[in-house]
Structures are given as C-alpha cells and as structure tokens.
Amino acid sequence: MASDEKNLDYHEKHASPAASSAEPLPGHVSKRRRFPRFSLAVRQEASTFARSKNASNADFDPIPPSKRTWNWGAYVAYWMADAWAVSNWEVASSMIAVGLDWKMAIGACVLGNTIMGLVITTNGRMGAILHTPFPVLARMPFGYYFAQFVVLSRCVLAIVWLGVQTVTGGQCMSVLLEATWPSFARIPNRIPEDQGITTAGMIGFLLYFLLQLPFLCIPYTKSIIAPMVFLAVFGDTLRRAGGTISKSTVITEGTHVHGSVLAWAFFGNLNGVLGNYATLGLNIADFSRYANKPSAQNVQAIVIPCIFTVVGLLGIFTAASAQTAYGEVMWNPIDIIHKWMDSGSHGGRAAAAFAAIGLIIVTLGINISANSISAANDLMSFAPKYINIRRGQLLAAVIGSWAFVPWKILASAAKFLAFLGGYTIFLGPMTSILIVDYYVIRRGNVSVPDMYYFHGIYRYSPKFASNWRAVVAFFIGCIPPLPGFVNNIVAAGHGTTSVSLGGQHLFAIGYIYSFIAAGVFYYGFNRFFPHTESMMDHPETGEEIIAAHDARNLEERRGSWSEHKPNVVSRMFTV
C-alpha cells in the first residue's frame, strides 16, 4: 500500500500562492496585452500529486470534477465524427481485392468492430474511474521506465498517422482550390516526380496545414457535417447509376478463393479491421477520463460496431454505384468529387467545392480527435514542465506533417504502410497487459498518487524501474508473429521471404494472438511470482484531494479574472 508519508497534506503541499495571483506594485499601471506572453515553461497550476513541475502539469493531472463533462452523448458524437473517414469508407476495398465478396467483407467489419468496441469500453473504464491519461496508467503494470517505451511506441504511430491524414486533407484542399479556380489544375510542376507530390499538391498541403493549426487550439465538433458529406456522395452516385447497384461486379461477383485460403483471407482482413483502431484501444483513457460518470463511456460498445458497419456498407454501395455511373469501381470519395468537375458546369464545381470543404472538416476532426490529442498526451509525459496538450498538438503537427514527409510515404512507401498496418502485434500485448493488471491482478485496487511518484509502489525495481513480468509477457505476445510481420512488409514491396505458411497465418491473427498470449502469461507470472509491495486491498484515487484542489483552483481563477479577465484570443491560444 502507499505509505502515509507519500500522501502529502494538501495544505502543506499547496500553501504557496500562484505566481499569477501576485499583486502589482503600488502606483504601477499594467497594460492589457492583446496576445499572451510566451514562456518556455508551461503556465502551471500546482499539481495534485506530483512532487515537482518536472513530473506533471494541469493537463497531465487527473481530470478534476469541474472538467468531467462528457456524458454518453459526447461519446456517441466522438465516434460519429471518427467513423466517417475516408479510410473507413474504403475499408472493404482491400478485402474484396484479396478474394472476399462484399458480404464477407461486411462480416469482417462487424466482427472486428464489435471486438474492438468491447476492448475500448473495457480499457476506457479505467480512465473513467481514475481520470488519469494513458501514459500515467501505463506505469501501473509496466513500471516507470518501460512505460516510457510503451508511450513512445504509441506516440510515434499517432504522429505518423497525423501526417498521413494531413496529406489527405491537402488533397481535399486541392479539390477545393481547383473547383474555385479551375486554372489551379494547370499550375506547372516544379517538384521532382520521385517526391510523390506536385507543386499544386504542395500548395494544397501547405494551406491545409496552416488551416489545421488554429483548430488544434479551438475545440469543435464535426459529427453532423461528416455524415452529410458522405451521404451526399453516395446519393449523387446512386442517382447517376439509375438508382441501382445490382449491375456492379462489386455486388454480383462471389468469392474468388475457397477453402482454407478463403478462411485465412477472412482472418487476415479481420486482423486489419482490429488494427484500424487498436491504437485507440490502447490509449482510450486519454478521452474516457473526461466522463462525468464511469458508465457514460459504456455506450461505445454499441456505437462503434453500429456506426463503422454503416460507413463500410455505404462505401461498398457507393463504389458499386460508381461502376455503373462512371464506368469504373471508385472507392475513394475524393476521386468521385473530382468527377463532378469534369462537366465544367458551375453547379458541378460548386458541389465539388462544398464537398471538399466538408471533407476538409472531416480530416481536421480526425486529426484532432484520433491523432493530435493522443500524441500530445504522450509527448507531455516526457516533458510536462514544457509541454501541455496544446503545445503537444502543435509539436506533433509539425513533426508529422514535415519531418516524416508523409506525401512520400503515401506515394511510394508501400513497405512503410505495411509496417504501420502490422504494428498491431505490439499494441495488442500492451492493451492486454493493462487490462489484466487492473481488472484481474489488482481488481481495481490501485493508487493514483503513486502513479505520479517516481519512487512509489509502481517502481518495481530500484535499478530498472520496470516490471519484468510485463516486459516478458509483452515479448511473448509480439515475438512469435514477428516473422510474419517481416514477410508482410517484404511482400508489400513485391519481394519474397522464407517465412513458412504457418508464420504467415500466425501474423494473420496477430492482434488476437498477441492480445491473448500476453494477457495469459502476464496473469501466470503474477500468480506464481506476485509483486506484493504494489498490491492493495482498497483503491486510493485521492478523489477528496482532487476535489479540494479543483475548488481552490476555481476560486483563484475567479479572483484573478475579476481583476483582469483575459480576452478571447488569449484564452484560446495561450500555449
């Protein structure tokens, strides 16, 4: 159990007044600043549990009661916004390409999203109860040092996908510019062809990147706009096809493979569906910690499979309609919007412009909700004195959009995309270990204050500050599918390996295998080699301290605003 001396008295720990509340000198008239003054260290309220500013900040602390505002409707809106994405719209395309028919493709989507909905809801309950972000929760099973590896693994993935989504947003911006000014399409290209982007494409990418930055600081929702755009694309394509999809080969053709080949093709694509949101399955606590009560986030178990299945179905039906309407199967809605401008009519250009604006908003929302906030929480864990959520989002946007040259990744790096898709064999063990540790090993009896204390009960080893049980279980989960993972990367580059068919099949169920294997072994290690020093007979969330700290901060903030209320610009863009 956490010792009493670790739980410092609230009034002793926070007796010093906040720097922002210092009174001005007599006779001094302060000038009101239009823009906030920048400092390298983030503006901090005193942390609830951390001993120093190097360990936490207000964004990294447990969410106080005044900020727990997400009800079940907020989670429905969150997933409504996230599901309506180009990648989810196209999810069945790869399945049909490897020999599945459209019904089996939808079956894989339903099963995969149902499993992932249960994983996300189960893992999310931790955040809804403890109100701490994922990087802090990871310290509980992994220890302080190995948790940094877990967080870094998740962070890199979020940043890369942020850059890839920015490329998609740049393509939508190019469509908007071309619909508004047709001469935009005739801009001469000055960029070498091997770079994977044209001059016009780079202009669209740059403009979208600049547009994205302020939205990282201003919360908003796109849950209504996103389905309107995609439904408009589906409705118009179906109209052009004469209101029928029955003539398309997408609907009429059956499976192209049979027997065990068909079964493994199904499992491989099921694994792909699971991998689509395995990242959020791991770090959903970054969002569930805002729940106003633990049961608020349970709706995700129903919402995720329902919404993602609808989006996948509409993607299939739109692609089928496009074959009749345009003479070819078109999975990407951006390509369909391009067709609207072929006639050269003002109506077609206007429709394309509005659809492009809608898709720009869609990609903005995905980058904020699924990528930038997750990456920001991860980056914040490495330097909480200097990085808060806003700074983390901006830093992730710059790194993901420019340092990783995402346009080149999409254009030529098939191996890299295969690497990103197969990364689930590492995410599965991490998620499983976290769930087993909280629900099975500790039965919810954890100490939140010790998660913020480097020398607390979750240090495990004085020298390595890691839990060997979690480390070994993690490698047991991810090493066996590793040869198949390598084969998948090489095959994406049209190469061959000597990996056996069994190794390839194990990778086809990589997420399921790694999740189950790591969880079982982690339980076994704790059953026979328990770490008794970190076991507790009751939870220690520090809720009373958090509530008192929240009340004090609110009072100080009201007092500060009564003397000098910051303007709208300052409140939105203070970093």
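Every residue gets a Cβ built from N, Cα and C, even glycine.
According to TrEMBL, the features are:
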COMPBIAS  1-15  compositional bias 'Basic and acidic residues'
REGION    1-32  region 'Disordered'
COMPBIAS  16-26  compositional bias 'Low complexity'
TRANSMEM  102-121  transmembrane segment
TRANSMEM  142-164  transmembrane segment
TRANSMEM  197-218  transmembrane segment
TRANSMEM  299-322  transmembrane segment
TRANSMEM  350-373  transmembrane segment
TRANSMEM  394-410  transmembrane segment
TRANSMEM  416-441  transmembrane segment
TRANSMEM  468-486  transmembrane segment
TRANSMEM  506-525  transmembrane segment
Self-check item: Closest-packing stretch to the transmembrane segment (416-441), where packing means Cβ pairs under 8 Å, from 102-121, 350-373, 394-410, 468-486, 506-525
Solution: 506-525
Quiz item: Quick one: do the transmembrane segment (468-486) and the transmembrane segment (299-322) reach 3+ CB pairs under 8 Å, ignoring pairs fewer than 6 apart in sequence?
Solution: no
Self-check item: Interface check, the transmembrane segment (394-410) with the transmembrane segment (197-218), three or more C-beta pairs under 8 A
Solution: yes
Quiz item: Which of 102-121, 142-164, 299-322, 350-373 shares the most C-beta pairs under 8 angstroms with the transmembrane segment (197-218)?
Solution: 350-373
Self-check item: Non-local residues, at least 6 beyond the ends, that sit with Cβ under 8 Å of the transmembrane segment (350-373)
Solution: 78, 81-82, 84-86, 158-159, 161-162, 165-166, 168-169, 172-173, 175-176, 178-180, 208, 211-212, 215-216, 220-222, 225-226, 228-229, 232-233, 236, 279-280, 286-287, 333-334, 337-338, 340-341, 389, 392-393, 396-397, 400
